[in-house]
Amino acid sequence: MNDALDMGWLVAVYLFMLAAFTGYEVISRVPSILHTPLMSGSNFIHGIVVVGALHALFHATTLAMQVVGFLGVALGAANAAGGYVVTERMLAMFKPSAGRKEP
Amino acid sequence: MISILVDVSGFAAALLFILGMKRMASPATAVHGIWLTGIGMVAAVVASFGYLSAIPVEARPHTLTNVALALTALALGGGWAWWRGRRVAVTAMPQMVALYNGMGGGAAAAVAAVELMARDGGEASVGVLLLVVTALGALIGSISLSGSIVAWAKLDGRLERTFRFRGQSAVNGSVLLLALGAAAWALADPSQLSLAIFFAVALLLGVLMTVPIGGADMPVVISLYNAFTGLAVALEGYALSNPALMVAGMMVGSAGTLLTLLMAKAMNRSLANVLFSRFGDPVAGSTAGVAGHMKSVDARDAALTMRYATTVIVVPGYGLAVAQAQAKLYELVKLLQTAGVAVRFAIHPVAGRMPGHMNVLLAEAGVPYDLIDDMEDINDSFKSTDVAIVIGANDVVNPAARTDKASPIYGMPILNADQARQVYVVKRGQGKGYAGVENLLFYQDNCAMVYGDALAVLNAMVQAIKEQAA
C-alpha cells in the first residue's frame, strides 16, 4: 500500500472501465465451442495474482505475514501453472479436418 | 531503474494477456493465444523479484528468508499444479479448473490479509477507500476459494448431497451481513483476532452459498467464481497500486460475468434462478401427454440404416464421455464417411459439464472441429436429415421443452433431433436424464432405442458396417 506509484481513484475507475470493456468485447465474439478453454484461459490470466502475492511476501515483517504470504504465493503459483497446463492441453487438441488449411 | 523494468514488464504482461485472449477467441489461433499469455505471465513473475530493490527498511532484515520462502512457494505450488494438470483426464478438467480458480481466489485473499496485517504494525496513514477496497477483495476472494472447493468436490463426486433447508437464503443473507460487520471491525481494530474472524466468516459464506446448488448447475457456479476471483485480483491490484493486476483481473471479471450469463441463458435460466432456486429436486414429473410406447432396435440394424442413409447427425452427450467412447464414435463416423454418408456433429451449448466441454472431449478423440456444429447452426438441418443418433444425451433433445409448460425444462432451447426422419437413442436403460424429466422423444413413432453401454453399442455398429463391406 505504500508504493511509489500513487494512483488516484479516478484513474483506477477509468482503468477498470476500459479493462471491463476489453474483456467483454473479446468474449462476446467467441464461438461456444471455445467457451470451456476460454474459461480455463481466463482462469489462467487471473493467476497474475501471484505477482501481488510476491509483493506482499517481500514486504512481510512478521511471522504471521510470512506464513500468509507464503500461502498466497503457493496458491497463486498453482493457479497460474495449473491454469496454463489445462488450457494448453485443451487448445492443442483442436484440429481442423485434414486437407483444410488453417486460416 | 529496476522499478522501471518492473513497471514495463507489468505493462507488457497486460498487453500480452489482451492479445492472447483475443487469439484464444478463434479455434485456429487459440493455442498461440495461450502461449502469448504464458510469456506475459513468466515475464511478470520474473520481474516481480525487482520489488526487492525497493523494499522498506523494516522488511530488509527478512529479505533472505522472504526470498527463500517465495522460491519454495513458487516451486511447490507451481510444480504441484503443473504435475496435476498434465495428468488430469479431459472429462475431469472442469473440476480442475474450479480448484485452480479457488486457489487464485485464496491468493487474492492472502494478499489482502498481509496488507491488512501490515496496519497492525502501526502505519495508519492509509486512506479509508483503500482499506475498504482491500477488505472487499478479501471477502470476494475468500468466497471464491471456499465456494470453488465445494464446487470441485461436487463435480468430482466427493460431495453428493445438496444441503437445503427452509430459510436458507435468509441465513446466507445474515452471514453476509455478519461478514461485512466483521470486515468493519477488522478495519477499525486491526488485530489478528478480528482478521481471523473476518476471514473465517467469509470462507463460511462461500461454503453456505455453494452447498445448496445442484451438480448440474456447477458449471455456471464455477464460471461465476472465476469472475469473482478476477474481481478480487483487480481490487487487490488497486490496493497494491499494480495496474497489471487491475487490468488482468477486471478483464477476467467482466469476461467471466458475460460467460456466466451466456451459460445460464443456454440453460434458459436466470443467474438468480441458478443461485437461489431448488432446481434439481426430484420433481413429481408431469408425465401427462406421454403417448405411444418405446421401441427398441438392434445395434446392427441401426448401423446398417445409417450406412445407407445420405445424411446423419450425431448428438453426443456427457454419457458418451463417461463411457469413454469418443474414439470409437469417431471410428464409426469415419466408416460412414468412407461409405459416402455426410456426417455432422450437433452440440448443445450445455453438453458435457461446461459449455464447450463436449467439443474438447471430441477434439481429444481427434474429431476435426469443422465437423462440429453449434445448436443454432444445425437445428434447421434436422428436418432434412435421414438419421439422428443421440448418444448419452437426454434432456437436451426432449421436445417437452417446447410443448409441456408444466415441465421443469420448459423453455430450454433444445436440439431438434426429433425432427429427423429416423432417430436412434443409445442409452443404458430406461432411466430419466439429469433433470429427472420423462423424455417425450423416446415415445415418438420415428424414434427407436438402442439399449446398452455406449462403447459396446458403438463397437457392435462398427463391426456390423465392417462385415457389410467385407
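In case you wondered, yes, glycine gets a Cβ from its N, Cα and C as well.
Per TrEMBL, the features are:
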- B:8-463: domain 'NADP transhydrogenase beta-like' (DOMAIN)
- B:6-21: transmembrane segment (TRANSMEM)
- B:33-52: transmembrane segment (TRANSMEM)
- B:64-83: transmembrane segment (TRANSMEM)
- B:95-114: transmembrane segment (TRANSMEM)
- B:126-153: transmembrane segment (TRANSMEM)
- B:165-187: transmembrane segment (TRANSMEM)
- B:193-213: transmembrane segment (TRANSMEM)
- B:220-239: transmembrane segment (TRANSMEM)
- B:245-264: transmembrane segment (TRANSMEM)
Subject >> the transmembrane segment (B:126-153) in contact with the transmembrane segment (B:220-239), cutoff 8 A, at least 3 CB pairs, sep 6+ >> reply: yes
**OP:** Among B:6-21, B:33-52, B:64-83, B:220-239, point out the range having the most Cβ pairs under 8 angstroms from the transmembrane segment (B:95-114).
**Re:** B:220-239
Original post:
Given pairs 6 or more apart, does the transmembrane segment (B:165-187) have at least three Cβ pairs under 8 Å with the transmembrane segment (B:193-213)?
Top reply: yes
**OP:** State the non-local partners of the transmembrane segment (B:193-213) in its own chain: residues 6+ outside its ends, Cβ under 8 Å from one of its Cβ atoms.
**Re:** 109, 113, 116-117, 135, 138-139, 142-148, 150-151, 154, 159, 162-164, 168, 171-172, 175-176, 178-179, 182-183, 185-186, 221, 274-275
Original post:
Along the domain 'NADP transhydrogenase beta-like' (B:8-463), what average pLDDT does this model show?
Top reply: 87
